[in-house]
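> First, the structure itself, so that you have it in front of you.
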């Protein structure tokens, strides 16, 4: 054992001497301009970062050609036939990003770039036993040394480029929403001076992006879209995006679409069963209505925004939905409930559909969080005038009401507000936190069944007398 250890240390010493006499030749294999030599950095934590090119003032332009930097990295050159063998021996010591490169001097060779925090070109022992053995067995002692790696704009991420460009105190945008070929930003005031450069960098670094926009105003409460400005790319707002296997096409500048609600769309559709009845009160371009209809639900969907209605109809066709599964309307939410939904509820009750299918349920989706609670005033006494003999067959709808809350106890807050509008308590409500939309502002969804006394506009006692079902019906639904 002592003999083997002594022999290995002798090999280390010999290899170190061989390396020292040949290291300069390794660098010499790559012709380096004198001006680039001045940019060499070695064994520093920020050596892979781009040069600092802070934009001095508003209107500063993005000059991609200035993003050039040459760094020296420890590396091993070898015949490309030895690639697998080399990686087996040295991959744990390689750099994380694109460690394997073509040799600039020999098309038959490859270069493995090594992590300068682990390996030093001045210390062959830092290669470890496996690395040294690889060099010895293949006579590559002279192929270990410094390699000049030129980094360009294309080598850095958007975050790295923007950190190089933006002044201290101006944060790099942490993210954006992607809708097809469009990137949607919500820039902070201090970032607005550099908005066009930010847009260009994001478009460069995200394949498929052709348009970058920034939100410039609050959501329009009537038609639910916001004003925006073009930061970079094409002024083309008509886009197509996919969500859980469904395609949606629309003009992003004229309708409401939020990709952050994708999970919520799936959650609600997951609560639906084939054959359920769905009334989508603020349908938009169809993120609930389309997958619900594809699932086999009978859907009635409406939106007040003419553009949303147009694209809703387009998306019904785009997703090849049977026209008998969905009906679309361009109506105000209250008008939709009082006219279309009321008639449909009564019609189904008269046909006693709920008795034929005890598993069928009725849902009302109210995805207008800024105003949906106010729209609940459409339900009290909605079916007050229908014949008492029909009431027992009405399938009481489950409402999925979206809302915002800024209170500490968000659940208590939204339940209190809902009960105030209905003038009635709601039992068994499911309160779901959807997402944080701002500091101390939560978007929520409250799912509850409309109480019978509310929708029929009568006391519980009168309701019981009026809807007491005959024995035959009881036996069919038990």
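Glycine too: its Cβ is placed from the backbone N, Cα and C atoms.
Note that the structure is predicted; figures quoted are calculated from it, not measured.
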> Of 214, 227, 367, which does TrEMBL put in the S-adenosyl-L-methionine site with 265, 303, 304, 332, 333?
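Looking at 214, 227, 367, the one TrEMBL places in the S-adenosyl-L-methionine site next to 265, 303, 304, 332, 333 is 367.
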> Out of 303, 332, which has the highest number of nearby Cβ atoms, where nearby means within 10 Å of its Cβ, if these are the binding-site residues?
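For the binding-site residues 303, 332, the Cβ with the most other Cβ atoms within 10 Å is 303.
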> How big is the S-adenosyl-L-methionine site in terms of the longest C-alpha to C-alpha distance among 265, 303, 304, 332, 333, 367, in angstrom?
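Binding-site diameter by Cα atoms for S-adenosyl-L-methionine: 22 Å.
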> Using Cβ-Cβ distances, find the residues under 8 Å from residue 265 (S-adenosyl-L-methionine binding site) that belong to the same chain and are at least 6 apart in sequence, listing them in sequence order.
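Residues satisfying the criterion: 243, 244, 287, 288, 291.
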